[in-house]
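Student: Feature list, courtesy of TrEMBL:
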- 305: active site, nucleophile (ACT_SITE)
- 145, 254, 491, 531: Zn(2+) binding site (BINDING)
- 200-217: compositional bias 'Polar residues' (COMPBIAS)
- 55-560: domain 'Neutral/alkaline non-lysosomal ceramidase N-terminal' (DOMAIN)
- 563-720: domain 'Neutral/alkaline non-lysosomal ceramidase C-terminal' (DOMAIN)
- 200-225: region 'Disordered' (REGION)
């Protein structure tokens with residue numbers, strides 16, 4: 001019996017030991033899998049404490065949308081493309097870095113470009129608040145180049161004509177928003193660290209002027225695999241605990257996924273990328289809210305399109321003429337680039353998501369710490385009078401500003417309506433005759449200086465009511481450790497940007513303070529001067545070359561000026577400030593004041609004209625139309641989507657007009673009556689429940705001889721969202 005018990009116990013013990021071994025094996029495998037999965041999804045942030053002193057870092061974001069009605073949208077110069085609602089709101093994002101001795105500020109704003117007047121107004125406002133802390137040398141203002149932002153903030157005649165003048169409400173919204181973003185960054189300053197990562201992004205950009213690119217030297221082109229820059233540079237900003245507070249990235253692509261038929265304020269693909277990353281990091285916050293700030297900045301995007309399907313003739317589906325991007329029937333206006341989506345909204349979403357996804361990946365990988373002192377160098381340059389050293393024996397000069405015939409042809413992202421074509425190296429007697437009658441013939445000196453460009457408008461010789469183009473231009477570089485940010489006052493093409501980056505890197509690395517410098521181009525910065533092509537690209541005279549306003553040696557001049565800035569930084573020497581730009585006190589406003597609003601008989605502002613349906617599901621579009629006033633009367637939120645919370649018996653805002661899922665359409669009717677239609681495109685993430693849509697606005701009426709602006713609001717009926725079908 002004892003042997004039986006011993007055997008039985010031994011058997012039970014062996015069984016127990018066997019089970020324990022199985023458990024331990026499974027546990028070990030599970031731990032291994034969890035570790036591997038965690039390593040796959042966890043950001044490899046540095047765990048070894050840095051020996052370098054931290055920076056002081058501040059980040060801030062503020063709304064700069066402006067009036068979403070009547071004002072032309074800046075970018076395509078299409079007269080009928082005036083604002084009539086909101087696709088997404090616009091934001092300014094500011095990043096402050098301080099090394100204890102010097103401070104630099106980088107601002108990226110959801111606007112077409114930074115104008116000289118906007119920069120002057122922002123710097124003036126910052127001086128009032130902060131004295132000499134934020135100045136022209138240490139503040140960089142860059143635009144994302146969305147073509148869906150309001151115009152009206154320029155002080156030169158060419159832009160005044162296409163913007164309906166100098167529109168003070170638009171200017172005020174931009175200045176206030178940009179300054180407020182700096183205020184918030186200033187208030188959030190704390191010790192922190194910066195880490196960098198670089199990668200490449202495919203399938204999100206296309207060279208829209210490959211003919212010009214191919215005119216660059218073969219030996220130079222052979223050094224690069226592609227005819228656009230696929231490089232993405234990301235800076236991850238953290239506090240001392242390693243928690244992220246912000247991100248800055250640079251990628252070269254035009255923000256023209258929203259095409260010239262769009263009439264809603266939109267931050268386009270770059271803005272959508274920022275929206276996605278900020279929503280990802282600020283969980284539970286509405287768009288534009290939350291502490292984490294993500295800045296997506298433009299770069300050398302001059303010849304880079306997001307329309308990755310390329311150009312085709314819209315009326316036939318056949319390829320456009322390769323050399324001049326035109327169609328047999330319809331000319332250049334029919335040659336249109338598309339993709340990657342089926343419409344502009346889907347294309348914006350796809351390109352924006354690609355940019356966001358790559359930036360998020362690089363943000364997670366950023367483990368190379370940026371350390372070292374800060375530097376800033378700035379100079380004003382008269383770009384009409386720069387001597388360019390071609391070689392040891394020959395020099396050339398820049399020219400007075402002028403636009404060529406191919407400027408009027410537009411691009412495959414938005415062609416012109418007249419019979420101009422890209423690649424024109426000879427003038428047209430018909431259009432030249434009209435030009436001579438209206439504004440005068442270009443001087444022989446200017447024509448000779450710009451060859452082979454046939455001049456359409458000699459803007460440097462036109463000064464009524466104010467000069468048509470700037471002569472004095474900002475050049476600027478800021479460095480954060482071994483990262484150099486080059487603020488470029490225009491749209492550099494791919495190869496132009498490569499030459500600038502290479503020259504600055506070589507100059508900085510030749511000194512003792514820099515090693516293996518990373519140089520990024522921040523395009524559309526400080527002043528707008530159209531395009532900057534290489535000398536070789538200029539000879540082809542496509543749109544970009546025709547829009548290189550200071551002549552064929554524009555890039556050569558910039559190479560000299562930026563190299564001088566880099567040398568001054570490397571050698572810690574001072575440069576002359578240069579001639580200051582003008583500030584024109586009186587600028588024309590061609591946009592009439594918004595009229596008095598009227599409404600249908602027996603109705604009220606905010607009243608619903610077309611009501612919602614009782615029930616919706618994922619993928620449906622909720623739509624409701626209200627009696628509305630002109631949105632120019634208000635600069636606040638126009639739309640909220642709200643869900644009823646049973647636990648608190650209250651309504652909670654889940655979307656606003658800053659959300660990707662909403663669209664606010666303003667329709668101007670007859671007899672000064674107008675409507676506002678609000679759409680909510682229900683996402684898969686929506687929670688089942690009871691909802692309503694609210695619209696907020698203001699209307700103008702006359703009280704005696706004085707206008708009175710009055711607030712109103714309207715609400716849809718309650719509707720129900722069901723996340724799935726219910727079968728009974």
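Cβ coordinates come from backbone N, Cα and C, glycine included.
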Student: For the region 'Disordered' (200-225), could you work out the same-chain residues 6 or more beyond its ends whose Cβ comes under 8 Å from its Cβ atoms?
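Tutor: For the region 'Disordered' (200-225), the far contacts come to 231-232, 251-253, 303-308, 310-311, 322-323, 337, 340, 351, 354-355, 358, 411-413, 422-423, 493-495, 498, 533-534, 536-537, 539-540, 542-545.
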Student: Which residues, same chain and not among 145, 254, 491, 531, have a CB within 8 angstroms of the centroid of the CB atoms at the recorded Zn(2+) site?
Tutor: 113, 298, 301, 302, 304, 490, 523, 524
Student: Given residue 491 (Zn(2+) binding site) and residue 305 (active site, nucleophile), what distance in Å do their CA atoms have, once rounded to a whole number?
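Tutor: Cα-Cα, rounded: 12 Å.
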Student: How many Å lie between the Cα of residue 254 (Zn(2+) binding site) and the Cα of residue 305 (active site, nucleophile)?
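Tutor: Each residue's Cα considered, residue 254 (Zn(2+) binding site) and residue 305 (active site, nucleophile) end up 5 Å apart.
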Student: Hey, what's the Cβ neighbour count for residue 531 (Zn(2+) binding site) at 10 Å?
Tutor: 23
Student: How many whole Å apart are the CA atoms of residue 531 (Zn(2+) binding site) and the residue listed as 'active site, nucleophile'?
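Tutor: Just about 14 Å between their Cα atoms.
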Student: Please report the distance from the Cα of the residue listed as 'active site, nucleophile' to the Cα of residue 145 (Zn(2+) binding site), rounded to the nearest angstrom.
Tutor: 12
Student: Is it possible to get the count of other C-beta atoms within 10 angstroms of the C-beta of residue 254 (Zn(2+) binding site)?
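Tutor: Its Cβ has 28 other Cβ atoms within 10 Å.
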Student: If you draw a 10 Å sphere around the Cβ of residue 305 (active site, nucleophile), how many other Cβ atoms fall inside it, taking every protein chain shown into account?
Tutor: 23
Student: Compile a sequence-ordered list of residues in the same chain as residue 145 (Zn(2+) binding site), six or more apart from it, whose Cβ lies below 8 A from its Cβ; state 'none' when nothing qualifies.
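Tutor: Listed in sequence order, they are 75, 112, 113, 254, 255, 256, 270, 298, 301, 491, 523, 524.
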Student: Treating G and I as helix alongside H, and B as strand alongside E, what does DSSP give for the compositional bias 'Polar residues' (200-217) in helix, strand and coil?
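Tutor: Output for the compositional bias 'Polar residues' (200-217) reads 4 helix, 3 strand, 11 coil.
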